[in-house]
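**Student:** One structure, as C-alpha cells, below. Some questions next.
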Amino acid sequence: MVYFRAMDYLNLLNPQQRQAVTAAPGQTLVLAGPGSGKTRVLTQRIAYLIQSMGVRPYNILAVTFTNKAAREMGERLDQLLGGARARGLWLGTFHAMCARILRTEANNPGLLPFQSNFVIFDADDQQNLVKRALRENNIDDKINKPSAIHARISEAKNNLVSPDDLPVRSYRDEIVVKAFKRYNELLQQNNAVDFDDLLLWVVRLFEEHPEITEKYARRFEYVLVDEFQDTNMVQYSLLKLISSYHHNIFVVGDEDQSIYRWRGADYRNMLRFEQDNPGCEKILLEQNYRSTQTVLDAARSVIDQNANRTPKSLFSDRGRGEKISLHEAVDDHAEAAYVVDTIQGLLRKGALGGDFAVMYRTNAQSRLLEEAFLRAGLAYRLVGAQRFYGRREVKDMIAFLRLVHNPDDEISLQRIIAVPPRSIGEKTVNALQFAAQKAGHSMGAMLLELAEKADESPVWKELGRGAGPIFDFAVLFSGWLKAKGELDLPALFDRIVTETDYKPYIDDGTDEGKDRWDNVEELRRLAFEYQNKGLVDFLENLALVSDQDTLPEQVNSPTLLTLHAAKGLEFPQVFIVGLDDGILPHSRSRDDPEEMAEERRLFYVGITRAKDHLYLVRAGLRSTYGNPEYQVASQFLDDIPEDLLVRSGGEVVGGPARLKSWDDTGEDDYSYGRRSSSHYSNSRSNDVSRSNSSSNDVSRSSVSRSSGSRSSNGWGKTSYDWSQPRTVHAASGRSTPPPPAPEPEQKFHDGQRVRHPSWGEGLVLSSRILDGEETLDVAFESVGIKRLIASLAKLEAIGN
DNA sequence: TTGGTCCATCTTTTT
DNA sequence: GATGGACCAA
C-alpha cells in the first residue's frame, strides 16, 4: 500500500489551506467559511503532524461535536495514513471524551461524587429528575415547568455556576436554586450525571487537581477543535486546561454558523481565543468548493445583515449556476406537495434521490412532508434520534439494562418496576421508596436484599400486600444482576425480554403492536453489535447519540432534517421550507436581537448546504397545533436580491403578504380561517380518509454496521448507521420513479370560488391529485375548511 | 391496581 | 394532533 506523502497532498491545497495545515506549533485560529474545506484542513493537519512533524498519534487530541464528524475524520485519516498510523489518537466528541476521562478518574475513591459505572441521564430523565426535585420541595410543577427550570440549571452548569453562586433576585430564582440543589443530590443518589455534568466535572477535577490536569495536558501535545464557534464556557475552559502544558491548540470555526446559543454556545469564544492568545496565527478560508456563486451571493446577502462579525467574501469558481427557486404555496399541504412533486419530476429526469434534502426549522414540520412522501410512494430518510429512542418500548428496554448496569438508578427502576403490569402500584412503590430512604439505601439495593432474605427481610412487612409482587420482581432483578457477569449483552437482553414476558405486553397483534416489537428487535440488533464491547459502552453510546449520527449513509433517498441537523452536510439540491414569519425566524426569537441574529445564521447554514440548486418554500396558510393561520413571509426573504430568484406560486389566498403589494381587500372573505378552528378537526363527513397510513407504512429503523473501521481505541468509531426510519418501498434504493399515475383532469384550480349544495359558497384553497382523484381543500364560510373529492362532491364552479 | 377515556397543553433547535 | 396527566370504573 502506498499512501500520500506529505508533500503530495499539500500540493492539492489552496494557499490558505496549506498555511493552516502547516501552521507552526502554537495557537492557530482558522476562520472557515462554509464549504471551504474545513474538515479537509483538520484531517490533513493531523496527517501533517504525524508524517512531517513526527508527532506520535498518541499525543494528539481532536475534538468534535458529533460522533458523525468524528467518524468522518477518522475515515479520512485512515485513507491518508492507513489505519495503523493513526493508532492511539484521541478523536471524539467533547462529551465522549469527558465520559472517558470520568470513568477512568472515578476509580480513585473520593475524587468524584459518583462511581465509575455512572449512567448518563438523557433529556427525559433529566426533566423527570427536576420534576421530582420540585415536588419534594412542594413546588408546583404546573406553574414552574420542569423544562424551564432545567434550562436554568443547565445554563448555570454551562457557565460553571454552582447553585450557591446563583443570584437570587426573585421568588423564581429561589425556586431554581432549591430545585438545582436537590437535582444535583438526586443525580448523585442515582449514581448518574447529566450532559452538562460530563463537561463540568472534568473541569472541576482539573481545576482542583493540577496533577491530573498535568497528566492529560502533558500527553496532548497537540489539540485540535472542530466547530469552535459552538463551544460554551465549560468547553472553552476545558480546552484551555487540556492544552495548558504544550499550548499547541488549533481551532477551526465560523462565527456565522454558530447556531447553539441556547445551549450555551458563544461564538465570541472565537474572539476570546484571539485575545487570550495574542500570538495566535489567524487564517481565513474564503474559497468555497461547494456551491454556485448564486447560492453564495444569496447566503451573503442574508448574513451581511448581521452585525459584529468578520466580513467575509466567499467566492466560488463553479460559475453562477441556476437561479434560486422561491415558491409560495397556498397552504402547508400544498407546500409539502410542491416539494414532493418537484423532486419526483427531477427524479424522472434522472436525478438521484440522495441529491435532495428538505430542511425545516422545527421537527413538527416533518409530518406533512412525510405524509406527502408516503402518498407519492417515494422513499425518504429522516434524521432524528428521538424517533427511535423516544419510543416507549425502546426506553423501557434501555431502562432495564441501565438498572442492571447501575442498580442505584431509580429513574430507570421507577420506569420499569411495573412494566409490564405486575400488580405493583403507586402505593407499593412508595412503600418501597420509603423503606429504602429509612434504611439509607437505594430502592435497587432494597430489592436485592429482599430477593435474598424474602420474608425474613425487614422490608417485607413494610410492603404489606405489595410484598409478594415486589418480591417476585426482586428475584428477577437479582437474577439479571448475576447474569450480567455470565451472559453477553444480547443474551442478557433476551433473558430480560423473556422473563418479563415483554413481547405480548407491547405486541398486541395490531400493526402498531408489531411496529413496537420491531423496535425492540431493532434495539436487540444494536445490542448484538456490542456483544464484545459490553453493556457500559452500549449504554454510553445510546446516551450520546446525536441526531446527525442517525443519518443513514448508504441510502439513496431524499433526506428530511432540521436546519440544525443540516450543519456540516451538503446536498446538490436543497429545499428550505417554512419561510414564514414565526417559523423562520421562530416566534420565540422575535424579541431578542441576539436570537434573531441566530435565526439568520440558521437560515445561512441552510442556504450554504446547497451545491447546485436552492429552493425556498413558504405557505400562505399554515396549521400550527391544529388551527390554520395566515402566514406572513419571512423577513429574511427580503434580503435576497430579486435577480437571484425565480418565483412561482403565490397567486391566492391571504396574499403573498410581503412579497408583492397586494391591494386586495378580500381578507374579509376568508376571515373564518382565523377563528373557527373547531371546524377543522370535527365533522369528517366528506373527509378523504387517510387510508394507506398504516398499511404500507413500514416504520422501522434498521441498523447496520458501517464500514469495517479499524478502531484506534474505540473513540468515536462506535457508531451506527440508521437506515430509513420510515420508508415505503424500502427496496427502491435506486429510487426508480414510480410509473406516472394517469393524471385525471383537474376541474378546479386554487383560488376558485365554488358552491356546495349544503355548505354554500367557498374558496378552493388547493386542488391536487391524490390517489388518482382530484382532491380539494375548500374553505367554506359556513363550516370552515373541508377536504373533498371533486368527482363525489356536487361542487359547482362560480365564475372562473 | 389497572386500563380506559377525556382533557389540556403544547413546539424551537440537541450533546 | 400527539402526548401526558387526571380521573373513573372494574
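Quick reminder: no glycine exception, Cβ is built from N, Cα and C everywhere.
Feature list, courtesy of TrEMBL:
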BINDING   A:Ala32, A:Gly33, A:Pro34, A:Gly35, A:Ser36, A:Gly37, A:Lys38, A:Thr39  ATP binding site
COMPBIAS  A:673-714  compositional bias 'Low complexity'
COMPBIAS  A:744-753  compositional bias 'Basic and acidic residues'
DOMAIN    A:11-292  domain 'UvrD-like helicase ATP-binding'
DOMAIN    A:293-568  domain 'UvrD-like helicase C-terminal'
REGION    A:655-756  region 'Disordered'
**Student:** With Cβ-Cβ distance below 8 Å and at least 6 positions apart along the chain, what are the contacts of A:Ala32 (ATP binding site)? List them in sequence order.
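**Tutor:** Looking at Cβ-Cβ distances below 8 Å from A:Ala32 (ATP binding site), excluding near sequence neighbours, one finds A:Lys38, A:Val41, A:Val252, A:Gly253, A:Asp254, A:Leu285.
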**Student:** Name them in sequence order: residues not among A:Ala32, A:Gly33, A:Pro34, A:Gly35, A:Ser36, A:Gly37, A:Lys38, A:Thr39 whose Cβ is within 8 Å of the mean position of the Cβ atoms defining the ATP site.
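**Tutor:** So the extra residues in range turn out to be A:Val41, A:Asp254, A:Leu285, A:Asn288, A:Tyr289, A:Arg290.
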**Student:** Give the residue counts of the compositional bias 'Basic and acidic residues' (A:744-753) per reduced DSSP state, in the order helix, strand, coil.
**Tutor:** 0 helix, 1 strand, 9 coil
**Student:** Does A:Thr39 (ATP binding site) have same-chain partners at least 6 apart in sequence with Cβ under 8 Å from its own Cβ, and which are they?
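**Tutor:** Listed in sequence order, they are A:Ala69, A:Glu72, A:Met73, A:Arg76, A:Asp226.
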**Student:** Measure the Cβ-based neighbour count of A:Gly35 (ATP binding site), defined as the other Cβ atoms within 10 Å of its Cβ.
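**Tutor:** Around the Cβ of A:Gly35 (ATP binding site), 22 other Cβ atoms lie within 10 Å.
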**Student:** Can you tell me how many other Cβ atoms are located within 10 Å of the Cβ belonging to A:Pro34 (ATP binding site)?
**Tutor:** 26
**Student:** Which of A:Gly33, A:Gly37 (the binding-site residues) has the most other Cβ atoms within 10 Å?
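**Tutor:** Per the Cβ count within 10 Å, the most buried is A:Gly33.
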**Student:** Below 8 Å Cβ to Cβ and six or more residues apart, same chain only. Which residues does that give for A:Ser36 (ATP binding site)?
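**Tutor:** For A:Ser36 (ATP binding site), the qualifying residues are A:Leu285, A:Glu286, A:Gln287, A:Asn288, A:Tyr289, A:Leu314.
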**Student:** Average the pLDDT scores across the domain 'UvrD-like helicase ATP-binding' (A:11-292) and report the rounded value.
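**Tutor:** A mean pLDDT of 92 is what the model gives the domain 'UvrD-like helicase ATP-binding' (A:11-292).
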**Student:** Can you tell me how many other Cβ atoms are located within 10 Å of the Cβ belonging to A:Lys38 (ATP binding site)?
**Tutor:** 23
